[in-house]
Amino acid sequence: MTKFVVNLVEDEENLGKVIKAYMEKEGWEVKHFTDGKEASEHIPEPPHLWILDIMLPGMDGYQLLKSIKSEADTPVIFISARDKDLDRVLGLELGSDDYLAKPFLPEELVIRAKKMLNRVYPPDEQEKDEIELNGYKIDPTSRTVHDGGEHIELTTKEMDLVILLTSHIGDALSRETIIEYVWGTDYFGSERAVDDVVRRVRKKLPRIHLETLYGYGYRVLSS
């Protein structure tokens, strides 16, 4: 069983200690940083999950998020006491995967983190074989895509979609199925979010034949 590693970047010492203690009860390894610049030095050693405050000394959460997403598609949860609507929008635009406004109960953050980890790293995908499709090498275990020797940068949701569709080549998958896999069962937004991620995947991986099934969903064809 995978022991999850979580990098927590929170400059409030006491809050950070409380969150760390709650997460360690889940059996996770938690690394707590109080400075954004210090945390950025650990980006080359990606954890399974980042949890970022936005207001940080050294480097703010937005800058840190950009640096994280430029290296890998590791999921990120934002936490902040600032204007939650503005922060949520900016965070999503930069690639964050969830947002929790302060104050919050540590248990709620643990629940959200657990859902994120179980969705992004489900047990039945932790040892999946590499998928080769039209010159792309897709590795569900390391959550990477390569085109020859070039690493293709994908966001967490783009990677989730690619793994789902290429693991079911030729199968018609409904928007509802895709939403449940990529966003989780508690998603209440528009189904058009699927179309937006599909559009981005088509742009980044143009040789994957991703077919639209109008009024239903999508499927990937073998050639």
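Cβ coordinates come from backbone N, Cα and C, glycine included.
Not measured: the values here are computed from a predicted model.
What TrEMBL lists as domain 'Response regulatory' is 5-117.
The 4-aspartylphosphate annotation in TrEMBL covers Asp53. DSSP gives Asp53 (4-aspartylphosphate) a strand state.
Summarised as a single figure, the pLDDT of the domain 'OmpR/PhoB-type' (128-222) averages 88. For 128-222, the entry in TrEMBL reads domain 'OmpR/PhoB-type'.
What TrEMBL records for 128-222 is DNA-binding region.
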Would you count the other C-beta atoms found within 10 angstroms of the C-beta of Asp53 (4-aspartylphosphate) for me?
-> 24
Per DSSP, how many helix, strand and coil residues does the domain 'Response regulatory' (5-117) have?
-> 51 helix, 24 strand, 38 coil
